[in-house]
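This report refers to the structure that appears directly beneath it.
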Amino acid sequence: MDIVVCIKQVPDTTELKIDPITGTLIRKGVPSIMNYDDKAALEEALKLKDQIGAKVTAISMGPEQAKEVLEEALAMGADDAILISDKVFSGSDTWATSNVLSEAIKKIGFDVIFTGRQAIDGDTAQVGPQIAQKLGIPQVTYVRKLTYKGGKFLIEREMDDYIEIVEAKTPVLFSVVKEANNPRYLDVRRLVDICKRDPIQVWNNNDLKIDESIIGLKGSPTKVKKTFTPVFEKETKIIEGSTDEKVQTLIKELKEKHLI
Amino acid sequence: MKEIWVYIETFNKKVKKVSLELLTKANELSQKLGAKVVAVYIDKHDLDDTISKYGADKIIHLYSKDLQIYNSQIYTDALYNLIKDNRPHILLIGATSIGRDLAPRLAAKLNTGLTADCTQLDLDEDGLLLQTRPAFGGNIMATIICPEHIPQMATVRPGIFEAKKLEKIPEIEKIEFELEKDCITKTLEIMEKNSLLKYITESNVIVAGGRGLSKKEGFDLLRDLAKELNGTIAASRAAVEAGWAPQEIQVGQTGKTVKPKIYIACGISGAIQHIAGMKDSKCIIAINKDKNAPIFKIADYAIIGDVYEIVPKLIEKLRTLKQ
Ligand SMILES: Cc1cc2nc3c(=O)[nH]c(=O)nc-3n(C[C@H](O)[C@H](O)[C@H](O)COP(=O)(O)OP(=O)(O)OC[C@H]3O[C@@H](n4cnc5c(N)ncnc54)[C@H](O)[C@@H]3O)c2cc1C
Ligand SMILES: Cc1cc2nc3c(=O)[nH]c(=O)nc-3n(C[C@H](O)[C@H](O)[C@H](O)COP(=O)(O)OP(=O)(O)OC[C@H]3O[C@@H](n4cnc5c(N)ncnc54)[C@H](O)[C@@H]3O)c2cc1C
């Protein structure tokens, strides 16, 4: 079984700071990590490999720096890794990103594709389903449990208010939630070896030959018109007094505002 | 005439609240744009009555007798066929687990842009949809446009807009479609999540607990308070991680986004990741021992004190009020 796992390198959003003067994100010094859901997706792929002996290829679209997450993927147990990197890809929205990733996946060949449910920076959860549509294959999103038996997948999907049990066959795309598993640690010896050998292939658009009108900033149907930092302006009323008084005052306020 | 379409999500013969919220928003936008509001849904059952109470100039009902439950490919294809012939200007979809599965696939098939999880929708002078959404875990807001493709597509989280009744007599179109028999993924079963937990994004009142409760039993107390207010309970991640509450009711960046009328935060400090999921609640009441807790910055009412003193008293007073 040929498996492709899509991995995005993301800034650790819990470490983000806002420049108080310009109101923009300060990304300098913010650690880059493998997106959480993607790590869970990789773990599901590696579990399949352990079970039935699949070949797992990790891919990432991004700058040279994104090699770091691919090295991590290899050290966790992926067989191959490809960085998809070209200036003409930069500024892609999800539609354009999925054009690039689906072309790359086609070139690699696949039975199963894994993505994370959602990247913690762009936060859209759109890339997975868009890859599936572009490759004309079914998708099973929000995978929280996956088993493979007798040529079929049995999946538990985490929906808003219920769990859906789905059956699927290859070819298929799974988007995985991070609650699905506890990803294995990387193998340090493997990592040292990987850093020495530098086995990661880099593909640019000479390899993929995608029409430039459907990729990058220019080829993206959505445009970011402006960005700003959210302001929470609220007048907080501090309710004081004894416990009794506090509760009385609160109820009175809520009644006056017709909230209760 | 331009058309604004709203995809109406249905489940168990019911219409999702978020779809009605979007109908209200679509009516607001349609006035500025001079457009018609079209509600489209896919279901075996007829749900025109509910939908028409919230203002649609037209309802399109796609049905098939073999239709069981939502399926990505079937729904994408059915909507695609309809949309490519009618070319609506705007298409709005609720950012539920189904909406977020359907919308990107549909946008990819339509070769148009899609803005995720919008918290604000407006129109510029040229009638272009201004779609504002949080990214980077709520640390930044971006206004996104889709200037050269239609429909301009956006998903919107439940609870962002208010659903208001609006009487209109809609034109109704019923379209039967053939199901592709050979669907590659198949739903075998639907399992209820804990039925004691009312679905938190649909609730008007939420009583949420955090690490400050210091024990699992604290949630029993919160449940009593929620009951008095006809609400439901929720939790911070710290409380979920402590094993006091299930993940399904976690509020925040990695949990649910909620916007109830009343949100009562009990023993929750107010980390940015928690606030990201509840800051748009209409009225926030925070109960915390620490007067410097960041939750107070976004609260309408700050009660500095012990949850175990305040909450029982509050329950007691609410009970006497009812008698
Ligand atoms: C502030 C801001 C707002 C944005 N809003 C939108 C928007 O509303 N609509 C829109 O179309 N675009 C938007 N974008 C662009 C979007 O972030 C990029 O297209 C991004 O490349 C992919 O989207 P995502 O981060 O949301 O990924 P998601 O769709 O959340 O990612 C899902 C999964 O797809 C895979 N994946 C995603 N990107 C890559 C990659 N580069 N390499 C390998 N695997 C990957 C991963 O497995 C990941 O878990 C926005 C960008 C910014 C900066
Ligand atoms: C990537 C990422 C994603 C995350 N996503 C989420 C998310 O979705 N949702 C979420 O909630 N968190 C999330 N977090 C975690 C978040 O950063 C905080 O750690 C968490 O919200 C803290 O929970 P808390 O407020 O319950 O606990 P604490 O921060 O420990 O606060 C407990 C509070 O209770 C008060 N207190 C103690 N005893 C009492 C008492 N008897 N009466 C009254 N007050 C009392 C204390 O003064 C304190 O303010 C995320 C973190 C990361 C890194």
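Just so it is clear, glycine is given a Cβ too, placed from its N, Cα and C backbone atoms.
Taken from TrEMBL, the feature domain 'Electron transfer flavoprotein alpha/beta-subunit N-terminal' covers B:4-187.
When other Cβ atoms within 10 Å of the Cβ of B:Arg211 (FAD binding site) are tallied across all protein chains shown, the result is 17. According to its DSSP assignment, B:Arg211 (FAD binding site) is helical. The FAD binding site annotation in TrEMBL covers B:Arg211, B:236-237, B:250-254, B:267-274, B:Asn288.
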C-beta crowding around B:Ile268 (FAD binding site), within 10 angstroms: 32
Candidate with sparsest Cβ neighbourhood (10 Å radius) among B:Gln250, B:Gln253, B:Ala271, the listed binding-site residues: B:Ala271
The domain 'Electron transfer flavoprotein alpha/beta-subunit N-terminal' (B:4-187) [mean pLDDT, rounded to integer]: 94
Three-class DSSP secondary structure - B:Gln250 (FAD binding site): strand
Other CB atoms within 10 A, centred on B:His274 (FAD binding site): 26
